[in-house]
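> Got a structure for you, written out below as C-alpha cells; questions coming shortly.
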Amino acid sequence: MYHFLIALTALIHSPYPIAGKTVSGVFQSGAARQQNGQYIAKFLYHGENGLMACRLKNVALALEKEAKLLLFQGMEDFDNLSCLERVTGAQFTITLSSEEHNRTIPRQSVPQAWHVLYADRYTCDEDDLDGAVEDIGFQLVLLNPDSAGNPLDHFSAEEAGLHSFYFMLILAYFVASCIYVQPLWQALNKGGPMHTVLKVLSAALVLQGMSVFFNYVHMARYARDGVGVPLMGSLAEFCDMVAQVQMLYMLLSLCMGWTLSRGRKSQSKPLQWDSSPASTALALGGVITQGALLIWEQFEDTEHHSYHGHRSMAGLLLMVLRVALALVLASVLYQIISAERSTLKRDFYLSFTKGCFLWFLCHPVLVFLSVIFNEHQKEKVITIGVILCQSISVVVLYRLFLSRSLYWEVSSLSSVTLPLTMSRGPRGRY
C-alpha cells in the first residue's frame, strides 16, 4: 500500500496533458533554439471550421522577438529537416503581433493531425540569447466544429465519442449494481470456498468503476473548457493501475497455487488459502514488475490515458510482460487440464483459462490490431476494446466462482488445496 501511495502522489503532482486541450504556458527562445522550434501541441482536426486561437500576455516582447507560430500537417520527415527548413516549410505561419490571434483550419476530408511549434528570430540564429531571457506567456485553444458546424468542440478527433462511451458505461455499471449487488453481498456474507476470490474480484470491479467515473468527470469538464480536472484524470489512472495489479496477483496466485499444491495435500485436509512461499514469491514478482512498468509508463508517455499504445519503451515492455504472463498461465493450466480426469474440473479450468486470456491478451492484441485503423481511430479502439474485454473477463470469472456446480463442487471435492479459498466450515450451510 505504501508503494501505491507513492505512485498516487507522483501522478497527482505530474501534468496530465491531453492532445488538443487548452494549452497554457510560455514561449521560450532557448527551447525553440534547442529543438529547432519549440513544440507546443498536437490536435486532430476534422471537418471544416476548425479553429486555433492564441492569446499573448506580452505583445511588445513578442514583437521584439519576431515571434511566430508554425503549423505543420505532417511530421514524417520532420526530424531530418534543418532549422531553416522547419521555419520556412510550415503550412501556415502566424506572426504574433497582437494580443489575440485566430486561425481557421482548412476543411479536412478525413481527420488530420496538426502540430503547432513556436519560433522567433533567435531560433536559427547562433548568436547569444542575452536579449531573449524573458519568456512570453500564452494560452492556446484548439477547437473542432461541433454538430452544428461551430468551432466549439474541445475534443480532438481521436477522443471524439469517449465522453459518451464513459457515460454509457457508468449507466451500465449502475443498472448492473442495482440488479446484482444484493445477491453478491449475500454470497460474500455466506463465506464458503469462493469468498476470498469474490472479494478480490469485487474490489477490482469497484476500482474499474471508479476509474470510469473519474474519467467521465474529467472529460465532462474538459468538454466545457478544454482543461478538465487533471486530478480526476490522475485518480482514474491510479484506480486502473491498482485494479490491474490486484487482478494479476489473484490470477497468478490461483494458477501457481494449483500447480505447486498438486499432490502434496491430503484428502482430509480442509481447504484453505494456499500461501506457500513459492506461489507467493512468484505472484509478488509478477505484481512488482507490472507495477513498476505501469508507473514508468505514466511518466514516459505524456499523453496519459488508462490504456496506452506502444509509444514508449515502458508501454512496449508492459505488453511483452502481459504476453509472457499469458504464456506462463497457458503452460500451467495446460499441465493441470492434461493431468485432470474429472470432466467437471476440466470445464472449470477451461472457463478460468478463457477469463485469464481475455484479461491479459486484450490490450496487446488490440494494440497490434490498431495498426490497420487510421490515426484518429486507434486510441478509441484500444480504450473501448480493453475496457469491454476486461469487463467481460470479470463477468466470466464471476459466473465461474459463483456457480455452485463448478467452483464450489471442485473446491469441496478436490483432493488438493485450492489457493485463495477459505475454510470449508459446516457444509450444511450450502
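Cβ coordinates are placed from backbone N, Cα and C, and glycine is handled just like the others.
If you look up TrEMBL, you'll see 22-126 marked as domain 'GPR180-like N-terminal'. The domain 'GPR180/TMEM145 transmembrane' annotation in TrEMBL covers 170-397. Taken from TrEMBL, the feature signal peptide covers 1-20. According to TrEMBL, the feature transmembrane segment maps to 165-185, 197-217, 241-260, 316-337, 357-374, 381-401.
Show me how these features fit into the shown structure, please.
Residues 198, 202, 209, 212-213, 215-216, 219, 380, 383-384, 387, 402 of the same chain lie 6+ residues outside the transmembrane segment (165-185) yet bring a C-beta within less than 8 angstroms of a C-beta in it.
Same-chain neighbours of the transmembrane segment (197-217): 163, 166-167, 169-170, 173, 184, 187-188, 229, 232-233, 235-237, 239-240, 242-243, 246-247, 249-250, 254, 306, 387, 390-391, 394, 397-398, 401-402, 407, 420-421, counting only residues six or more beyond its ends whose CB sits under 8 Å from a CB of the stretch.
Sequence-distant contacts of the transmembrane segment (316-337) (same chain, at least 6 residues past either end, Cβ-Cβ under 8 Å): 248, 251-252, 255-256, 258-259, 262, 286, 289-290, 293-294, 297, 310, 346, 349-350, 352-353, 356-357, 360-361, 363-364, 367.
Under 8 Å from some Cβ of the transmembrane segment (357-374) lie the Cβ atoms of residues 110-111, 247, 251, 307, 309-310, 319, 322-323, 325-326, 329-330, 381-382, 385-386, 389-390, 392-394, 396, all in the same chain and six or more residues away from its ends.
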